[in-house]
Amino acid sequence: MNFRRENRASRTSLFDGLDGLEEGRLRASSSYAHDERDNDEALENLQDRVSFLKRVTGDIHEEVENHNRLLDKVGNKMDSARGIMSGTINRFKLVFEKKSNRKSCKLIAYFVLLFLIMYYLIRLLNYIKG
C-alpha cells in the first residue's frame, strides 16, 4: 500500500506539473494576445505619426514652392532694374563725354543746388517766425 500511495503522490505531483504547464501555456497565449494588442497600439501610433509627418512635409513643400515663385519674381524684377540702371548709366556716360553736355550738366546742377539752398532758407525763416 505504501507503494500505491507513493505512486499516487508521484502521479499527482506529475500531473500538477502538467497543470502548471497548461496554465503557463494559457498565460503564454494571454501574454501573446497582450503583446499583439500592444503591437497594434504601437502600429496605430506609428501610423498617426507618419500621417502627421506626411502632412507637415506637404506643408513644407507648398511653402517652398511659394517661396521659389516669390524668389523668381524678385529675380526678374532685379534683372529689369539692372537693365534700366545700366541704360541710365550709359546715357550719363554719353552726356559727360561731350564738353558742351558737361557744361550744361554743371549748369543744371548749380540750379538744383541753388533751389535747395533757397528752400532750406525759406523753411528756416518760417521756423523762426512761427
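We number each residue from 1, going along the chain as drawn.
The backbone N, Cα and C atoms fix where each Cβ goes, glycine too.
Taken from Swiss-Prot, the feature topological domain 'Cytoplasmic' applies to 1-106, supported by sequence analysis.
Annotated domain 't-SNARE coiled-coil homology' per Swiss-Prot: 33-95, in sequence order, evidence recorded as sequence analysis.
A Cβ distance under 8 Å defines the sequence-distant neighbours of the coiled coil (40-82), meaning residues of its chain 6+ beyond its ends; there are none. As annotated by Swiss-Prot, coiled coil applies to 40-82.
According to Swiss-Prot, the transmembrane segment annotation covers 107-122.
The topological domain 'Vesicular' annotation in Swiss-Prot covers 123-130 and rests on sequence analysis. Within its own chain, the topological domain 'Vesicular' (123-130) is flanked in space by no residue lying at least six positions past its ends with a Cβ under 8 Å from the stretch.
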PLDDT averaged over the residues of the domain 't-SNARE coiled-coil homology' (33-95)
92
